[in-house]
């Protein structure tokens with residue numbers, strides 16, 4: 001907890017980790033104002049406060065945001081991200097300001113840790129297995145760093161993990177064998193609550209539709225195959241091993257709860273955006289086609305899977321342990337003679353261990369299905385600026401559970417367990433180095449993965465410099481500047497002016513308002529030619545006024561200029 005509290009320092013002064021978070025923060029601030037004014041029903045469109053002449057400039061092409069981040073639908077503009085996270089964040093922003101935006105990500109992360117500890121107690125993990133699992137979850141994975149970002153990933157992971165764990169671990173325990181207890185624990189309540197929790201994750205992250213589909217598929221498989229008596233056929237033997245048995249009412253309750261929860265979200269999307277999938281549908285469905293999406297998914301597989309192995313090396317250990325563990329591949333306790341000499345696991349028929357193998361199989365099957373399907377529906381680019389593979393974060397608690405299950409006493413022979421613990425220790429040290437040390441304490445960047453210090457350091461000085469500037473008008477060379485900075489500068493007004501013609505258009509409008517200067521901010525990762533415009537081309541169309549770019553130096557990573565109209 002101290003680590004995650006310390007990571008909050010990288011949100012000082014309104015710094016957000018990504019431009020995505022900046023747009024969501026703008027909407028959360030707007031909703032908070034509506035809540036404070038009791039202005040109902042709440043408006044989910046992005047309505048930046050501006051006078052009529054400013055709105056006119058924006059409508060003429062100087063609006064600071066463009067697709068695929070902000071879309072115009074009729075006379076309204078919407079951010080491409082679901083409205084839900086800004087909505088649930090808004091009350092905390094109204095109460096605590098910028099710090100309030102980080103309460104939900106942080107508390108959600110802590111709830112994942114708490115649930116993992118509860119699972120360990122419920123599953124009777126020994127101290128070593130529980131500690132190794134917690135180290136994997138907290139220090140050796142990218143998940144903890146998202147507790148220090150204004151992003152909805154930890155909330156979605158918490159909802160989904162609580163739902164899946166309710167399904168797997170919180171039914172009837174071996175000690176609860178009385179008739180009354182059996183009736184109580186075999187009730188359908190946990191399937192209902194599990195389905196609602198898993199479905200609720202979709203409200204915040206669209207890739208969790210893949211988790212919903214995977215859980216539904218395994219539930220149907222777990223009910224259908226025993227009914228058709230295909231379990232005895234060799235070619236189907238693997239299916240029941242990875243799909244625990246479901247009764248028809250259990251599968252129906254689980255799938256129905258997920259479908260209804262997701263359906264309500266789709267209905268709200270349709271009411272707000274006139275499309276059940278929200279603005280995300282424009283980016284994925286209407287602006288793409290199956291061939292393009294599959295081509296992007298093919299590239300995404302390589303990027304996301306390699307990033308998963310690099311930032312969560314536990315997945316490599318789990319894969320190896322699974323391949324050498326016959327119980328994870330067989331639907332019964334019998335193992336053919338050719339495997340007996342090489343087998344590393346005990347052959348105890350203890351019922352509790354067999355139940356734990358079923359849990360492990362289900363978690364592995366779920367992880368595989370999610371890893372396979374997520375690249376098919378996410379936008380291209382494998383996630384942009386992030387830390388580790390953010391679309392795969394649900395795999396972190398699932399595979400940490402698998403690790404703890406396989407490391408618990410009684411699963412391996414003593415000598416094999418020592419080897420397994422040594423291998424686990426190696427991958428945990430690797431994960432701790434890349435995530436905790438590099439991610440939280442060092443200025444580190446590798447591809448799209450950027451550590452919290454590396455993200456914060458170039459942005460904070462720019463915000464401080466702009467907050468000290470009395471000039472309220474800021475022209476920018478790229479929309480990413482406004483995404484990153486505007487939520488921390490609510491008293492400023494931004495204009496997207498990528499060309500000298502657009503800068504002159506802004507200057508002409510400011511002259512009409514008796515303004516004589518404005519600021520210009522260059523985005524450092526794109527060409528910024530406007531300040532280098534020859535003096536002869538800086539005269540305005542009225543033939544009277546001209547522009548002068550006065551360098552203010554580089555604040556953080558952003559070159560700043562004061563533009564004088566004379």
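Each Cβ is built from the backbone N, Cα and C atoms, and glycine gets one as well.
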Quick one: sort out which of 55-72, 73-90, 127-144 is the transmembrane segment according to TrEMBL.
127-144
From the ranges 251-273, 274-296, 458-480, pick the one that TrEMBL records as transmembrane segment.
251-273
Determine which residues of the chain contact the transmembrane segment (127-144) at the Cβ level, with the cut-off under 8 Å and only residues 6 or more beyond its ends counted.
3-4, 7, 109, 112-113, 116-117, 120, 153-154, 157, 311-314, 387-390, 393, 396-397, 399-401, 403-405, 407-409, 421, 424, 427-432, 435-436, 439-440
When you scan the chain for residues with a C-beta under 8 Å from the transmembrane segment (390-407), skipping those not six or more beyond its ends, what do you find?
112, 115-116, 119-120, 123, 125, 128-130, 132-134, 136-137, 141-143, 146, 151, 153-154, 156-157, 160-161, 164-165, 201, 207-208, 211, 304, 308, 312, 314-315, 317-318, 321-322, 325, 356, 359-360, 363-364, 366-367, 370-371, 374-375, 378, 382-383, 417, 420-421, 424
Residues of the parent chain within Cβ reach of the transmembrane segment (419-437), under 8 Å, 6 or more residues beyond its termini:
3, 128, 132, 135-136, 139-142, 144-145, 310-314, 316-317, 320-321, 387-388, 403, 406-407, 412
Tertiary contacts of the transmembrane segment (211-231) (same chain, 6+ residues out, Cβ under 8 Å):
160, 164, 167, 198-199, 201-202, 237, 239-240, 242-248, 250-251, 254-255, 258, 262, 331, 362, 365-366, 369-370, 373, 394
